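Engineer: Okay, handing you the structure first.
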Amino acid sequence: MPKIVVVGAVAGGATCASQIRRLDKESDIIIFEKDRDMSFANCALPYVIGEVVEDRRYALAYTPEKFYDRKQITVKTYHEVIAINDERQTVSVLNRKTNEQFEESYDKLILSPGASANSLGFESDITFTLRNLEDTDAIDQFIKANQVDKVLVVGAGYVSLEVLENLNERGLHPTLIHRSDKINKLMDADMNQPILDELDKREIPYRLNEEINAINGNEITFKSGKVEHYDMIIEGVGTHPNSKFIESSNIKLDRKGFIPVNDKFETNVPNIYAIGDIATSHYRHVDLPASVPLAWGAHRAASIVAEQIAGNDTIEFKGFLGNNIVKFFDYTFASVGVKPNELKQFDYKMVEVTQGAHANYYPGNSPLHLRVYYDTSNRQILRAAAVGKEGADKRIDVLSMAMMNQLTVDELTEFEVAYAPPYSHPKDLINMIGYKAK
């Protein structure tokens, strides 16, 4: 009976194991997870902190016991894989509760260890990061136990923005600082202005080009010379791949510690796959490498690897489009395609439209800003971005499908919109992009 070992039990690992079991009722499947929880919704965590998700149990899909009862898959939490011997096909495992170590053999090994939150490195009792349900519980318990009011949020990526919004919704008083003036880097810089407008509108303090120099109790000294007091600090300063345990193996890592994979999510070592945040692949629509550490990619990779292991070696990954979205108070920011800083590798043109998300005479209308970049050599779409209070998700998802099928910007005129006054225009913003590009 083949033995399949999975490292990591969150989106990629648990999903892959589940999909393998759906296709293969016989193999012995075991998952090692170094932390407390398995199969939780990472994307729900800011909303648990904000009490928008009222019961944290909604963010937890399975316990190891429930997973075994449903799928006959063994999950061992607090078990950390600390080394791989790919020649003997074994992994070394540390039981973090007992400190005991043991070896486990495998026929197939699936690596989905995810990434860990970066830390600013200050020794402080009031600093927290947010990466898993344990972090969420620690933040929530600290807020309740210490009657927290003033919270400093460090960083301005999508997680920090979601955390800040949810702290505000909970009734706390957050302040945002960021070390540069470049916020929400997946979005075009000039399209991020509504973020600052929303902060101003709600009188939420923020400072760009600001950093922490020192923390002394609740007293924070900043690079600017300011000294302020906060009850709590939440750091959202990026992540790094959990690949340290891989370094002693023959598995190839790139300079940042990620694992390059082929279109079957195979590593350079036979019988070893990598999925989720740790894996790097390529874009679907252009010839560039891509790392997209978001939920869709982990789930798609999990399905492909499961099919491969079950014997369907014809299924392959066609690449990322990098579709992403974030809500910040009343606005939605969404984009798809290459990142803004990757556009310089192409000879491109940009076309944009700003108009109501639906018919102007229908109540509740608000402006939607839609922008498309296309390659001048073949007129295929490289990137699209949308910002507005309504309809950004719909337009970006439609453009994602267009890019998936390599449509040109001119063909957007042929997009047949589902039109009624509450939803769109007879000529949608997507159509107008096509007309303006001609």
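Here the Cβ of each residue, glycine as well, is placed from N, Cα and C on the backbone.
Feature table excerpt (Swiss-Prot):
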ACT_SITE  Cys43  active site, nucleophile
ACT_SITE  Cys43  active site, redox-active
BINDING   8-33, 267-277, Tyr419  FAD binding site
BINDING   Thr15, Gln19, Arg22, Ser39, Asn42, Lys71, His299, Lys427  substrate binding site
BINDING   151-166  NADP(+) binding site
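Any idea what these are sitting next to in the structure?
Structural biologist: Around Cys43 (active site, nucleophile), taking its Cβ as the centre, 14 other Cβ atoms fall within 10 Å, counting all chains. Mapped onto three states, the DSSP output places Cys43 (active site, nucleophile) in helix.
Residue density at Gly8 (FAD binding site): 28 other Cβ atoms are found within 10 A of its Cβ, drawing on all protein chains shown.
Less than 8 angstroms from the CB of Asn42 (substrate binding site) sit Val10, Ala11, Arg131, Asn132, Ala295, each of them six or more residues away in the same chain.
Sequence-distant neighbours of Val153 (NADP(+) binding site) (same chain, 6+ apart, CB under 8 A from its CB) are Ser160, Val163, Leu164, Leu167, Pro174, Thr175, Leu176, Ile177, Ile233, Ile234, Gly236.
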Engineer: DSSP on Lys427 (substrate binding site), three-state: which is it?
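Structural biologist: Going by the DSSP assignment, Lys427 (substrate binding site) belongs to neither helix nor strand, so it counts as coil.
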Engineer: Return only the integer: C-alpha distance in Å from Asp28 (FAD binding site) to Lys71 (substrate binding site).
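Structural biologist: If we compare the Cα positions of Asp28 (FAD binding site) and Lys71 (substrate binding site), the gap is 11 Å.
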Engineer: Tell me which residues of the chain lie with their Cβ under 8 angstroms from that of Val159 (NADP(+) binding site), as long as they are six or more apart in sequence?
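Structural biologist: Once residues fewer than 6 apart are set aside, Val159 (NADP(+) binding site) is near Pro46, Leu130, Gly236.
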Engineer: Are there any residues at least 6 positions away along the chain from Asn271 (FAD binding site) with a Cβ closer than 8 Å to its Cβ? List them or say none.
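Structural biologist: Once residues fewer than 6 apart are set aside, Asn271 (FAD binding site) is near Gln89, Tyr106, Asp107, Lys108, Leu109.
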